[in-house]
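Asker: One structure, as structure tokens, below. Some questions next.
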Amino acid sequence: MNESYRCQTSTWVERGSSATMGAVLFGAGLLGNLLALVLLARSGLGSCRPGPLHPPPSVFYVLVCGLTVTDLLGKCLISPMVLAAYAQNQSLKELLPASGNQLCETFAFLMSFFGLASTLQLLAMAVECWLSLGHPFFYQRHVTLRRGVLVAPVVAAFCLAFCALPFAGFGKFVQYCPGTWCFIQMIHKERSFSVIGFSVLYSSLMALLVLATVVCNLGAMYNLYDMHRRQRHYPHRCSRDRAQSGSDYRHGSLHPLEELDHFVLLALMTVLFTMCSLPLIYRAYYGAFKLENKAEGDSEDLQALRFLSVISIVDPWIFIIFRTSVFRMLFHKVFTRPLIYRNWSSHSQQSNVESTL
């Protein structure tokens, strides 16, 4: 057998490995996503009944719900297999020996599926935010609730077809050290195009999605900054323009403090998302194009995969918990109240000077 990985055929968990990190990631992801769903349900954002007490959910929150459910399903389907392997001290291939390599292939398929699906949904949220802030006319005409609901099933169908390519012969799933996880094979001794090509294609697609998400978030951040700057210099004109443009569909009636909320939210999201995605992309390219065909970096691959899994943990805390009224009230008291007082003082001094003139 043409083995490129040290634990490719292992039947036990490598010595020195601990389930602590996997358990912590699973617990944090499960708690965060469940709390996010509870907050969504309590806020009534899941109700589609029109009316003053039950307003229809916005496209943004429909996308948040889809992302939260996707992350929760990924944690519940993938992490128990890792913890079971540690508990039994058996690799994924040995947990169900009668199934052969099917459990390992299923695990790798789920890993690639949920990693790609979450990234696509994050891009959809970034595009929605950028359009709503920078192109309100186009947003109000073309971005509808019905189309927002279709994002999750369309993403799932695409990821299902793309990540199933190794089952059709293009690409290969393999077991990585310490024997508790499987993923796309990124190194091959004979440099088979069907094996290396799929890993490069997957990482290239992830890189393009990350780049597009960062660009959209930077565009949204610039629009927020521009809105805040225009409102400071021309407050009456900005309010009149927003009312005429109809851009208050979602963000048009933003208070300056809410604009600051969105700015900080997008900045934090962009930094964390980029930091968590780049390690796996780098490892895929490194494994495909390095001169030596040995997989001596199994520990680095595992760390890169853990970084990628952190995205599904951070998502609910960033998109939902950060936006709750309690957290925002605390944020305003700590960070924005001095800013408000400073702006009010400067405005009062300017008014006094103008009155004396």
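Using the three backbone atoms N, Cα and C, a Cβ is placed for every residue, glycine included.
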Asker: Just confirming the record: what cysteine out of Cys7, Cys177, Cys182 does Swiss-Prot connect to Cys104 via a disulfide?
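Answerer: Checking Swiss-Prot, the candidate bonded to Cys104 through a disulfide is Cys182.
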Asker: From Asn89, Asn343, name the one Swiss-Prot lists as N-linked glycosylation site.
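Answerer: According to Swiss-Prot, the N-linked glycosylation site annotation belongs to Asn89.
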Asker: Ser58 and Phe173: same side of the membrane according to Swiss-Prot?
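Answerer: According to Swiss-Prot, Phe173 sits on the opposite side from Ser58.
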Asker: Take the transmembrane segment (107-127) and find every residue of the same chain, 6 or more past its ends, with a Cβ under 8 Å from one of its Cβ atoms.
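Answerer: That would be 60, 63-64, 66-67, 70-71, 73-74, 77-78, 81, 92, 151-152, 155-156, 158-160, 162-164, 166-167, 173-174, 181-184, 202, 205-206, 209-210, 212-213, 216-217, 220, 273, 277, 280, 305, 308, 311-312, 315, 319.
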Asker: Give the one range among 21-41, 150-170, 195-215 whose Cβ atoms make the most pairs under 8 Å with those of the transmembrane segment (59-79).
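Answerer: Against the transmembrane segment (59-79), the leading stretch is 21-41.
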Asker: My understanding is the cutoff is Cβ-Cβ under 8 Å with a sequence separation of 6 or more in the same chain; which residues meet that for Cys104 (disulfide bond)?
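Answerer: Correct list: Leu92, Lys93, Phe173, Val174, Gln175, Cys182.
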Asker: So, in DSSP terms, is Cys104 (disulfide bond) helix, strand, or coil?
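Answerer: DSSP assigns Cys104 (disulfide bond) to helix.
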Asker: The topological domain 'Extracellular' (171-194): mean pLDDT?
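Answerer: The predicted confidence over the topological domain 'Extracellular' (171-194), as a mean pLDDT, is 79.
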Asker: Can you work out which residues elsewhere in the same chain, 6+ from the ends of the topological domain 'Extracellular' (171-194), have a Cβ less than 8 Å from its Cβ atoms?
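Answerer: For the topological domain 'Extracellular' (171-194), the nonlocal Cβ contacts are 2, 4-14, 16-17, 22, 82, 85-86, 90-93, 104-105, 107-109, 111-112, 165, 202, 283-284, 287-288, 290, 293-295, 298-299, 301-302, 305.
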Asker: Give the sequence-ordered list of residues that share a chain with Asn89 (N-linked glycosylation site), lie 6 or more positions from it, and have CB atoms under 8 Å from its CB.
Answerer: Trp12, Val13
